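What Swiss-Prot records for this protein:
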DOMAIN    2-241  domain 'ABC transporter'
BINDING   Gly38, Arg39, Ser40, Gly41, Ala42, Gly43, Lys44, Ser45  ATP binding site
Amino acid sequence: MIEIRNLSQRFEGPRGWIEALHNVNLTIPQGEVFGIIGRSGAGKSTLVRTINLLTRPSEGSVFVGGRDLTQLSAAELRGARRDIGMIFQHFNLLSSRTVFDNVALPLELAGVKRAQIEATVLPLLDLVGLAAQKDRYPAQISGGQKQRVGIARALASKPKVLLSDEATSALDPETTRAILDLLRRINRELGLTIVLITHQMEVIKDVCDRVAVLDAGRVVEEGNVIDVFMRPHHEVTRALIGDVIAQELPPAMKARVAERLKTGSGHLLRLAFTGSGVDQPILSETIRRYELDFNILHGQIDEIQGRAFGSLAVLATGEPGKVGQAFAYLREQGVVVEELSYVE
């Protein structure tokens, strides 16, 4: 388990001190894939580098496996870091070494015997799908394969935690998907805790169990990925989700809806469904029960952690009393009802 307590990080800049992280508190259970997302400059990379103390925090504690890394001696910290692997956006492979030898490098530096190195590296190359490329050099393999080498190298010391700092941001969408599938498989098969830093909500949606949203060095939202998508509270979260699932009407549609609302009454709603709710005729039943009119303005269906997720923007009109009853009924069916505006 990883526990970050009251963590702050300050750097001295040309115009004074800069607070990169402010009073961050996070708990990441063993075996979880935990995402940390935010825009550029939010403090994501600074935060992930405090987990293995590549960056020592100005204040606070970092517990990994029950040990406070900030209180360890230099020798103890080197030992603790063997339990924490890390992969980066840039692959950092040695061009003069083969795929096998790049993965073997940390074991060689640790003084592991050659026979044990082979017994460790070959299964790792098989795990990441590079057994046939073990004798090739970095210049002879693709970007996605280079990242797989980086993953295998990070796993060579048999860590309990894997930190991923924007590991897919330089890859094309298809390769990104393959790397994320690999990380999820490693998580399942090895029981590895993965902390994944990204600015892409698509990555969070596809692979993470829980997510923390970082803005200006502060955690502004945290929760299960499906819950955060269903009920985003902070404006930064809404904006990030909007990169994947549209949360707002297109401008031209907004203008038409505004004109229409001026002539009558209505409720502009965002409805979010998940799981079996996507397959059920809930809107049809609501219309029949409460004699409402639903005009669907915008809709999208996606998948989060293997579960169907749907989002609709609708204009609802009807008798005021029945409208309130209809909203209550929808919520009873597990639908998230968010009123975007009301015009009378």
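Yeah, the Cβs are placed from backbone N, Cα and C, and that goes for glycine too.
Taking the features listed in Swiss-Prot, we show where each one sits on the structure.
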{"residue": "Gly38", "record": "ATP binding site", "CB count, 10 Å": "25"}
{"residue": "Arg39", "record": "ATP binding site", "CB count, 10 Å": "14"}
{"residue": "Ser40", "record": "ATP binding site", "CB count, 10 Å": "7"}
{"residue": "Gly41", "record": "ATP binding site", "CB count, 10 Å": "13"}
{"residue": "Ala42", "record": "ATP binding site", "CB count, 10 Å": "23"}
{"residue": "Gly43", "record": "ATP binding site", "CB count, 10 Å": "22"}
{"residue": "Lys44", "record": "ATP binding site", "CB count, 10 Å": "23"}
{"residue": "Ser45", "record": "ATP binding site", "CB count, 10 Å": "20"}
When DSSP states are folded down to helix, strand and coil, where does Gly38 (ATP binding site) land?
coil
On the 0 to 100 pLDDT scale, where does the domain 'ABC transporter' (2-241) sit on average?
92
Given the ATP site Gly38, Arg39, Ser40, Gly41, Ala42, Gly43, Lys44, Ser45, its other Cβ neighbours within 8 Å of the Cβ centroid, in chain order, are His199, Leu214
